[in-house]
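K.L.:
Straight from TrEMBL, here's the annotation block:
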REGION    70-110  region 'Disordered'
COMPBIAS  75-96  compositional bias 'Basic and acidic residues'
DOMAIN    155-319  domain 'Thioredoxin'
BINDING   Cys195, Cys199, His284  Cu cation binding site
DISULFID  Cys195-Cys199  disulfide bond
Amino acid sequence: MATTITRNASRLRNVYCRFNFHTLTQCRSTIPSLPVADTLQRRILPSVQSIFGFQSLLINRRLLLSTSSANTNVEPEKTEPKSSSSSDHEGGEKSGDSNQSKSEGGKSVRGGPVSWLSFVLLVITGVGIIWYYDKQKKQHIEEINNASQAVKQGPSVGKAAIGGPFNLINHDGKNVTDKDFVGNWTLVYFGFTHCPDICPDELQKLAAAVDKIKEKAGIEIVPVFISVDPERDTVEQVREYVKEFHPKLIGLTGKPDEIKNVARAYRVYYMKTAEEDSDYLVDHSIVMYLMSPKMEFVKFFGKNNDVDSLAEGITKEIKQYK
């Protein structure tokens, strides 16, 4: 009996070894799992039982149990990569969750690029800058106004070098000098009788301002017209010309050298334009000179003044002078 059992066990061992070697060569990259033991029980066990009997069944069960235990021991080696990968995946998910939680935490800590606090501080700073600039501007304007009001009228440091002695002929043919006008306020204008438009307009304005000053301020002004065209403006020509503007307008003319000297003294520019026979124009300064009773220069008035501004300006200068 023992010999039979030993023989049967040897045969079974050979069968098992062959089967095991065949299985390992086909599945060298993978390790068989527990379903292999079930397959052995279903297919091989009946044939072995039929040949060797009940004893061989017991031995086979023991071998199968040992194989199952061996398979169970080998199974963790296969599942370790899965567990490691799954653990890595779970770890990645956990790390991702942790990173996400950190990022969410960071967002809650950092906030947006411009927070409400920084916006409020920016608005307060801008308002402060505008307020400070406006305050400095108002202060600067007040300083200018105070400085202008603090200036007191007084004797001027220097006088303009305008005016001087002259010796000319009036529209009645009499020689007159600058001393003949001492004691009177005088308003002097330089022009020529052949002037087409500017001289007539300025002389009309001068005459109207003289009448207005006398009417409102009671101040007598002597209007004077000095010709810058002595070659054509004779005494007779000047007399007829001045009568057209004002009865008290005094017309003066003279020799070319005398006209040149008086024009230079009053800083008056004049020059003939292109001549065509005896018809030509004279380009000259368009200025009225207010002279004091001492025949000293007080102020000049340009073409931009109308009758009212001219009368008010002369009246103001005379009152300040007194």
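For all residues, glycine too, the Cβ spot is worked out from N, Cα and C.
Given the structure is predicted, the values throughout are model-derived calculations rather than measurements.
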K.L.:
Out of Cys195, Cys199, give me whichever of these binding-site residues has the highest number of other Cβ atoms within 10 Å.
P.N.:
Cys199
K.L.:
In sequence order, what residues of the same chain, 6+ apart, have a Cβ less than 8 Å from the Cβ of His284 (Cu cation binding site)?
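P.N.:
Within the chain, His284 (Cu cation binding site) has Cβ neighbours under 8 Å at Phe190, Gly191, Phe192, Val228, Val268, Tyr269, Tyr270, Met271.
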K.L.:
In the predicted model, what is the mean pLDDT computed over the domain 'Thioredoxin' (155-319)?
P.N.:
92
K.L.:
In the same chain, outside Cys195, Cys199, His284, whose C-beta lies within 8 angstroms of the Cβ mean position for the Cu cation site?
P.N.:
Phe190, Gly191, Phe192, Ile198, Glu202, Val228, Val282, Ile286
